[in-house]
Amino acid sequence: MVLTALRLITGFIDACSVLKCRPPNIRNYSTSSETIKAVSSYIRDKCESIVVMAGAGLSTPSGIPDFRSPGTGLYHNLQKYNLPYPEAIFDIQYFVNNPMPFITLAQELYPGQKYRPNLAHYFVRLLHEKGKLLRMYTQNIDGLERLSGIPGDKLIEAHGTFHSASCIVCGDEHDPEIVKQTILSGKVHLCHCKGYVKPDIVFFGEQLPAKFWLHNLDTADTDLLIVLGTSLEVQPFASICDAVPRNTPRLLINRELVGSFGYRDFDNMLVGDIIESIRNLAKDIGWEEELSKLYETCEKRST
Ligand code: OAD
């Protein structure tokens, strides 16, 4: 308790000294080179328990489209499925009545087919290797965090995973490999109870995995929140961002300003392409070479 209080106070003073204070309730944030310098030295010298939140923008450099980017986002390219609204493809009620749109899409989405982790995934792994990663919360279902070597106890796949599968009626678990083969052949896998079986990715209308609620503890313990490539439009995931104390610095790395960023004194933002921002950040921390080496070694080994 005393230790936590001390950490909060010293964290606050550290943050104050490296990150510019701003008046509350004005949408303002530190950007670009100013941000990189302040945040990089904070990460290098002070941080011990970083929480990372990630979304589809983390995986676009790997070639996977995000959901909401105009033109390229998945939700803008679902015409062929004739859906009543784009999110229906991940809606459990819709799936019960018409599973085929999801089954068709899942054939493309199954992880481990052709997509590989990128430099930003390896940056998070490097945070872990440096002993600075408390937890990574991801909305992504592409499995690239696992493939980059971020260990299971550090990773919360908040919107589920393709690595397990269960019946949507009785909940019985099924062999994920058999379910995958059925889906890849264009069919829906049926349970012994006749219910549909689907990979355990979380649909709208379904509960998030229990592990997600660990964020209530993690947000109290973190000394920096890094948000990577998400529109922060989907709850309850987006709420993690607001659950960190107001005096904990937050860093957004995204193409545009999202969520509540800019309303707090210690909000910082790197606008633009995630890979470029990560490269610049790693360079300023002094990890550029190490990150490139990690990325090249791991990706060469696995291609
Ligand atoms: P979105 O598509 O809503 O947001 C992706 C964000 O990443 C946007 O703000 C993009 O501008 C940004 N972005 C994309 N590529 C980028 C790049 N190369 N560099 C920097 N920024 C980039 O995706 P999510 O926030 O992940 O849920 O969507 C959240 C949830 O909505 C998903 O998990 C999914 C969806 O419905 C379910 O399926 C349950």
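Any Cβ shown, glycine's included, is placed from N, Cα and C.
Keep in mind the model is a prediction, meaning the values are calculated, not measured.
Quick look at what TrEMBL lists:
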type	residues	note
SIGNAL	1-15	signal peptide
DOMAIN	29-288	domain 'Deacetylase sirtuin-type'
BINDING	56-60, 66-68, 139-142, 230-231, 254-256	NAD(+) binding site
ACT_SITE	His159	active site, proton acceptor
BINDING	Cys167, Cys170, Cys191, Cys193	Zn(2+) binding site
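Projection of TrEMBL feature records onto the structure.
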| residue | record | contacts (Cβ under 8 Å, 6+ apart) |
| --- | --- | --- |
| Ala56 | NAD(+) binding site | Ile64, Pro65, Asp66, Phe67, Gln139, Asn140, Gly229, Thr230 |
| Ser59 | NAD(+) binding site | Asp66, Tyr115, Asn118, Asn140, Asp142, Leu144, Gly229 |
| His159 | active site, proton acceptor | Thr138, Gln139, Asn140, Ile141, Ile201, Val202, Leu208, Phe237 |
| Cys167 | Zn(2+) binding site | His174, Cys191, Cys193, Gly195, Tyr196, Val197 |
| Arg255 | NAD(+) binding site | Gly57, Ser69, Val271, Gly272, Asp273 |
Set of same-chain residues at least 6 away whose C-beta sits under 8 angstroms from Cys170 (Zn(2+) binding site): Cys191, Cys193, Gly195
Env. residues of Zn(2+) site, Cβ within 8 Å of mean position of Cys167, Cys170, Cys191, Cys193 Cβ: Ile168, Val169, Gly171, Asp172, His192, Lys194, Gly195, Val197
Confidence summary for the domain 'Deacetylase sirtuin-type' (29-288), mean pLDDT rounded: 94
Close-lying binding-site residues around ligand 1 among Phe67, Cys167, Cys170, where CB distance stays under 6 Å: Phe67
Cβ neighbours of Thr230 (NAD(+) binding site) where a neighbour is any other Cβ within 10 Å: 27
Least buried by Cβ count (within 10 Å) of the binding-site residues Cys191, Cys193: Cys193
CB contacts for Phe67 (NAD(+) binding site) [other CB atoms within 10 A, all chains]: 19
